[in-house]
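Colleague: Before we start, here is the structure in question, set down as structure tokens.
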Amino acid sequence: MGGGGQQTESGEPAKGGGVGPDGGLGGSAVYTWEEVQRHSHRGDQWLVIDRKVYNITQWAKRHPGGIRVISHFAGEDATDAFTAFHLDPNFVRKFLKPLLIGELAPTEPSQDHGKNAALVQDFQTLRDRVESEGLLRARLLFFSLYLGHILLLEALALGLLWVWGTSWSLTLLCSLMLATSQAQAGWLQHDFGHLSVFKKSSWNHKLHKFVIGHLKGASANWWNHRHFQHHAKPNVFSKDPDVNSLHVFVLGDKQPVEYGIKKLKYLPYHHQHQYFFLIGPPLLIPVYFHIQILRTMFLRQDWVDLAWAMTFYLRFFCCYYPFFGFFGSVALMSFVRFLDSHWFVWVTQMNHLPMEMDHERHQDWLTMQLIATCNIEQSTFNDWFSGHLNFQIEHHLFPTMPRHNYHLVAPLVRTLCEKHGVSYQVKTLQKAIIDVVRSLKKSGDLWLDAYLHK
């Protein structure tokens, strides 16, 4: 990499020019969108940020957010995604200088694939307003109190057993308190993982490892590499890992028909809205995520995250072994994760699963996020229960925004959507949960019809 734009990774000579001392182009290395889009393969990747063309083929392997999330934008304009994911884009641009190979030709539009230039510009104007009004700055007291209520729940659950003993009713109450603590810790690690608490990325990363590692027994790097792909391309098959159902479910309107036409029947998908209750909420965290996290940490030799996760297990067994012994403590932990998994699945799926799912369509940032996301009505309970992910639309548009500011930007986002005819959906909590099941049933019926008749 590097070379100031004199040669591309694939060996093509750049169309003249080089990079000046200020990081700008010293000549006329220009490309059309057609040329940029030809470099969208695993071994040859370009992307565009603010009309500048970068060869990221080798850099993608070293990208701190993982190779996949940046590769999802190969051959595309990544300006809005670049701005959304980085706390200090100007600082990150320093690392882009050696990757710069040219810029878009003056006759080329700033947007690829015929995106709505007016919509893109209006969203960037909204982004500037959000920054100028300080809506990306966090209130540390909010997050301190939030962490405090999690630790208090942990302490109360243990104190309950110390003072009153381990009867079935008290053990159940202890489990509910621990499950609540686990769920809320999940929302808090999400805040740190998105760099939305501290101004410095390093502080967010440190607290992220503490919360997800020590309080939940999981891996920060596993979460980062998985979750940012979801944000980069929500509900896009082969790019969003959250819609990779491993043939257990068929999702959306198109995948079921594709499976049906190909006569694929790994499971009776027309009953998926029923078996979802057996293998979805109960097993995602205690089984699938648990296996995936351990596998990822060992395969990547991520010993730091493994050490943090081990402190969770050490603490848990030190606290509960005196009451329940080894196998009893394992049973308690499994039951707590069983409860936490239900909480997590319903909250995360009600915003996305009933929404549109498709293969890559190269849409602008606002449209891509809005068709894949919906909000849940605001209330004190909904805010707390979902970790403010009832404002999923605002969270997806501004992933580094601290959650206590979502309600402030929501009216601005809604106005922008109305101006450009983009659907902005808000549901009740009850309807959102019901829509998850309805969506699974609809997809299953589409599969059955295609399987039998096409």
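Every residue, even glycine, has its Cβ placed from backbone N, Cα and C.
Straight from TrEMBL, here's the annotation block:
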- 14-23: compositional bias 'Gly residues' (COMPBIAS)
- 28-105: domain 'Cytochrome b5 heme-binding' (DOMAIN)
- 1-23: region 'Disordered' (REGION)
- 140-164: transmembrane segment (TRANSMEM)
- 275-293: transmembrane segment (TRANSMEM)
- 313-336: transmembrane segment (TRANSMEM)
Colleague: Which residues of the chain, 6 or more past the ends of the transmembrane segment (313-336), have a CB below 8 A from one of its CBs?
Modeller: 158, 161, 166, 171, 174-175, 178-179, 182, 214, 217, 286
Colleague: Short question: which residues 6 or more past the ends of the transmembrane segment (275-293) have a Cβ under 8 Å from it?
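Modeller: Same-chain residues near the transmembrane segment (275-293) but 6 or more away: 218-219, 222, 248-249, 267, 309, 334, 337-338, 340-342, 344-346, 437, 440.
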Colleague: Under DSSP, the domain 'Cytochrome b5 heme-binding' (28-105) has how many residues in helix, strand and coil?
Modeller: 32 helix, 20 strand, 26 coil
Colleague: Compute the average pLDDT of the predicted model within the domain 'Cytochrome b5 heme-binding' (28-105).
Modeller: 93
